[in-house]
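Chemist: This is the structure I want to talk about, given as structure tokens.
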Amino acid sequence: MRCLAPRPAGSYLSEPQGSSQCATMELGPLEGGYLELLNSDADPLCLYHFYDQMDLAGEEEIELYSEPDTDTINCDQFSRLLCDMEGDEETREAYANIAELDQYVFQDSQLEGLSKDIFKHIGPDEVIGESMEMPAEVGQKSQKRPFPEELPADLKHWKPAEPPTVVTGSLLVGPVSDCSTLPCLPLPALFNQEPASGQMRLEKTDQIPMPFSSSSLSCLNLPEGPIQFVPTISTLPHGLWQISEAGTGVSSIFIYHGEVPQASQVPPPSGFTVHGLPTSPDRPGSTSPFAPSATDLPSMPEPALTSRANMTEHKTSPTQCPAAGEVSNKLPKWPEPVEQFYRSLQDTYGAEPAGPDGILVEVDLVQARLERSSSKSLERELATPDWAERQLAQGGLAEVLLAAKEHRRPRETRVIAVLGKAGQGKSYWAGAVSRAWACGRLPQYDFVFSVPCHCLNRPGDAYGLQDLLFSLGPQPLVAADEVFSHILKRPDRVLLILDGFEELEAQDGFLHSTCGPAPAEPCSLRGLLAGLFQKKLLRGCTLLLTARPRGRLVQSLSKADALFELSGFSMEQAQAYVMRYFESSGMTEHQDRALTLLRDRPLLLSHSHSPTLCRAVCQLSEALLELGEDAKLPSTLTGLYVGLLGRAALDSPPGALAELAKLAWELGRRHQSTLQEDQFPSADVRTWAMAKGLVQHPPRAAESELAFPSFLLQCFLGALWLALSGEIKDKELPQYLALTPRKKRPYDNWLEGVPRFLAGLIFQPPARCLGALLGPSAAASVDRKQKVLARYLKRLQPGTLRARQLLELLHCAHEAEEAGIWQHVVQELPGRLSFLGTRLTPPDAHVLGKALEAAGQDFSLDLRSTGICPSGLGSLVGLSCVTRFRAALSDTVALWESLQQHGETKLLQAAEEKFTIEPFKAKSLKDVEDLGKLVQTQRTRSSSEDTAGELPAVRDLKKLEFALGPVSGPQAFPKLVRILTAFSSLQHLDLDALSENKIGDEGVSQLSATFPQLKSLETLNLSQNNITDLGAYKLAEALPSLAASLLRLSLYNNCICDVGAESLARVLPDMVSLRVMDVQYNKFTAAGAQQLAASLRRCPHVETLAMWTPTIPFSVQEHLQQQDSRISLR
């Protein structure tokens, strides 16, 4: 809003001459301030120019009103202003009137919708300068600002005034017609260097008309027009910059850092004050809601305007956290309660340990995707990517969350799900996010709230969003109402973490549940979560979930905006963790010995890809190494946990371990892993369990809340209860192995580690298993259960089980260490094992390899879409009993390259000879590219002197299907044609595969050129490829090259007309080996059909000609069929 000082009565302005003089007019006292001035003949520019030239000595002082301790409005203040306007009817009406006035004054291009009565709502109390008098008369030559109905009808040639120049404490913004001349003086030289005493530095937004010929701007080319003072950003470096193309309506921006003193052109204070607009409620900033703030200026990055601390976005190690609580004093501060809550929340998260025992080894975060599903089910499964096509999230958690902010629409909630198996470190990863925010590595968020999902399984319907953020977590947060109001105004700067999503009850209906639309309405916790997932509550926030996937994902997870998986430790990361563990324990002398113990147990080494199990191995190794040099780790997972709990059970109260096992089982039945202190049967049991580390307080949890330190420990204790309990009938025990699906089972296998531990506890020798935990009396009670399970396992037929159940059976048999069961399982394995689409973890690959070696027969493995790691693939391929295998092309080529680099010639030769791709179906562009890499590998080998011969996979390929569809098909087909001649044994080329590839005439022409090299081709399927007469002509020209081999030719459902039919009829007698030809659903007429029928009579070798098409009269087709029965109309 312009801040103008009306001239006192009796002033005169000179007549304009050219473009620099003003018309002579008499100005009397103006009453009503802005409104009368707008309707008067006074030109504000001339008025100010007149004051600039006149001697003000002896005149009444005119003072610009300035509020002390004010600043330009920022985004947070403006948001509060809007919220208060919405709640106050009078304020909302007043600001609506001001908005109409602003639109009338400044937005000239939108005058069509305004009228004179926009001022009728402004009362006398809102009129500025009401004590001033109206002029008696105005000059006839002055122009009033016309109202819309007074404007000419043709507004096309009407040009709005140039945008005003804006000068801030650090910025000067304005239109510049010619910026070739840079200012020769520092920017303060444009104004008074030494303002008069008593004058205030401008702290509000003012606009002062400046003539272009002003001497003070002689070195800076600015057009005539108003200059606006906005003292805002003071963090820019000293200097003056010009930024072109700054934004709409501004041709240039001049940025200057430094104090801007009072302008010399402003008249000294007078007897009256020109008041500003009403100050907006709860806002210490500018007196005008339309004054631009720092956030309104172009080219300013958001973090520089909204970050509450001096934070850096680059990576910071957990041990090098900057001072997170240091708040910039150059930015507008939050209210004191918000600042205090912000600091306390940072202190809370920053005090949490980096990992178990303070050890942190970061695991890889992999982008996940869902399987394509043609069913209508809302639940979908995770796809299993090949090892080579995994997409790692570069930059870790910070990059994931930064990308989430960049790719979402404004005010749109972003849901991110991080998935992982039990023990992969999801909860520690979620804690790492909170610590990263506390250390200043996530400046895009003002607040982070981490809530374990087990805290949300509470009854009642009187909860609100404020309870979810502050009260329902493990440790309630103290926050004033002002903090909650601040959060609601900026939800896009809030990160909410829900850890352990699998522990929520009825988690599959959040997207369809009803919830209150307003945050203040109380509802159930389920309603609150539904409001978050339906993006009605706290809309615009980032919602981060961690969950353990079990089969199909519920819709709340499958509909997430981004999916990631924790891949666990690699072999190198596991060994690094072992080294750091013993280093932190002060036992560096045992580091090498511990690694040797681990390498001697390949199963435990493969299980160490799980951070939880890797830590358990380190704990047991530490205990064994303290006993002596002859220490050895157990060979099974059951033995690992027996070793960990055996020492704790030695000095336990009577029955304490059994009571703890029962408690773990009951919690697992309810999908829970946390418990209260009063749930223990006695205080002695609780004290013992806490002292031995079997239960512990979760981070930031209440004193009465306890949890098992790992999910696998809970599974082991649950299996221990099943092995000891007399409450479970023996005949029901096999159901808990979960190897054969049943419609009714006692539990849903939520404790997914129970089957393996149960087999190990029951079948392993009692002296080193149950007897070591509970004594000889407990071991005697499992004899009957052992017989029941042995009978059940020996009746199973491994060849009838699904791949996942077969792997679980192998794990159970391995844990049992019972020779009869192991021999039965491995000898019943089928010769062809397919794990297509079933994920193979490192322990799966190890147990499978042991079973294949013990079987004593040859096997063919299908390892496609299993995500098997390179070391696991190499170990299986290297087995002598594996004669053939299929795996992802990219993984196999990478394995060959690795073996060649390491000089493993024999293993490389075996891997090349055993690999097959028969049959091969290309369903994506990546499949075609991988096939091209395979052919390129063969060509490289052929040109090398030390190797010779074709790759068996390329040489023996007989069937190739191309099914990319109409979008990718035309793009990928030329790449396939270029490598097609490498498959010398190709017999079946299917370019239909129930998908319209639409290779067209161009594709047929390219394919025809390869026919002379495809000597073995017997079946050619070109159906549904948009082939016309031109394509049929090209095909007919090249078909004689296949005369000796081609048996079946299909051109079903193309666009072949009579000319194309004639071309095919002409070549048909030359195809001496052809037996079946299909030209149904084309566009040729009776003439084309008759030519084909006539040619067929000269081809006694052809058995069937399918040629029904709707363009031929049925009577003609029937007549042709009567003449030759080989014509098929079906």
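Any Cβ shown, glycine's included, is placed from N, Cα and C.
It should be emphasised that the depicted structure is a prediction, and the values quoted were computed from it without experimental measurement.
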Chemist: Among 94-132, 367-405, 718-756, find the range that Swiss-Prot records as region 'Required for acetyltransferase activity'.
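Modeler: Matching range for region 'Required for acetyltransferase activity': 94-132.
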Chemist: Kindly state the mean pLDDT of the repeat 'LRR 1' (985-1008) in the predicted structure.
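Modeler: Mean per-residue confidence for the repeat 'LRR 1' (985-1008): 91 out of 100.
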Chemist: Between the stretches 1016-1037, 1045-1066, 1073-1093, which wins on the count of C-beta pairs under 8 angstroms to the repeat 'LRR 1' (985-1008)?
Modeler: 1016-1037
Chemist: Which chain neighbours of the GTP site, leaving out GLY420, LYS421, ALA422, GLY423, GLN424, GLY425, LYS426, SER427, have a Cβ atom within 8 Å of the mean position of the site's Cβ atoms?
Modeler: ARG548, LEU566, GLY568, SER610, PRO611, THR612, PHE711
Chemist: Under 8 Å between C-beta atoms and at least six apart in sequence, can you list the same-chain neighbours of GLY423 (GTP binding site), or say none if there are none?
Modeler: SER610, PRO611, THR612, LEU613, SER710, PHE711, LEU712
Chemist: Using DSSP, tally how many residues of the repeat 'LRR 2' (1016-1037) sit in helix, strand and coil.
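Modeler: Per-class counts: 9 helix, 3 strand, 10 coil.
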Chemist: With DSSP, how much of the repeat 'LRR 1' (985-1008) is helix, how much strand and how much coil, in residues?
Modeler: 9 helix, 3 strand, 12 coil
Chemist: Please list, for the repeat 'LRR 3' (1045-1066), how many residues fall into helix, strand and coil according to DSSP.
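Modeler: For the repeat 'LRR 3' (1045-1066), the helix, strand and coil counts are 9 helix, 3 strand, 10 coil.
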